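Structure first, then comments.
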Amino acid sequence: MKINNTRFIFIVLFAAIICAGCFIAVPIGPGGIPIVMQNMFAVLAALTLGGFGGFFSALLFVAAGALGLPVFSGGAGGIARLLGPTGGFLIGYILAALAAGCIARKPRAGEKAFSAKNIVKLSLASLAGFTLIYVPGILRFMQLTHRSFSASIAACLIPFIPGDLIKLVLSVPLAAKLRTAAARYFTDKSE
């Protein structure tokens, strides 16, 4: 896949937006799992940029945090956070961005932002993205805390469903609008 300077700027911009989300975090669960906006921003990157752009935006975010920049929830950073009980959720951002972006696909010129087809596609992509964040997150949490599957679901998933549904509802129309703006930079003349 060819990447031009503008696409690269979009990828870095969304990585920065995901990083900025670290300032919005409210710990609610046992084990200190916070309600964050970063998961919404990772999914939004995927919905707006497609699989390639979303994946690399999330990967840049996780790499920056692993290198010690204070970009994880609560302004934390470092490899210890990535290897800790909530580290699986951070890896989940990368998987979610790739999957949601592959479902949403790269924006195209002429795409009707609020057509039923586009809204359904973005909703399914967003749902897949939010769901995929939890898979490695819950598995890692179980591994390090030695909690049962049902106890981990109760701690890591159930309290977050209402907030994630709200974020899903917000991310779909926002992505639909952003995709129309991004499409002119993501459509190659040869396509």
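Positions of Cβ are set from backbone N, Cα and C atoms, glycine also.
Unlike curated entries, TrEMBL annotations are predicted automatically.
The following features are taken from TrEMBL:
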TRANSMEM  6-29  transmembrane segment
TRANSMEM  41-67  transmembrane segment
TRANSMEM  79-103  transmembrane segment
TRANSMEM  124-143  transmembrane segment
TRANSMEM  149-170  transmembrane segment
Stretch with greatest number of CB pairs under 8 Å, the transmembrane segment (124-143) reference, 6-29, 41-67, 79-103, 149-170 candidates: 79-103
Intrachain neighbours beyond the transmembrane segment (79-103), with Cβ under 8 angstroms and 6 or more residues off its ends: 18, 31-33, 38-39, 42-43, 45-47, 49-55, 57-59, 61-62, 65-66, 68, 72-73, 121, 124-126, 128-141, 144-145
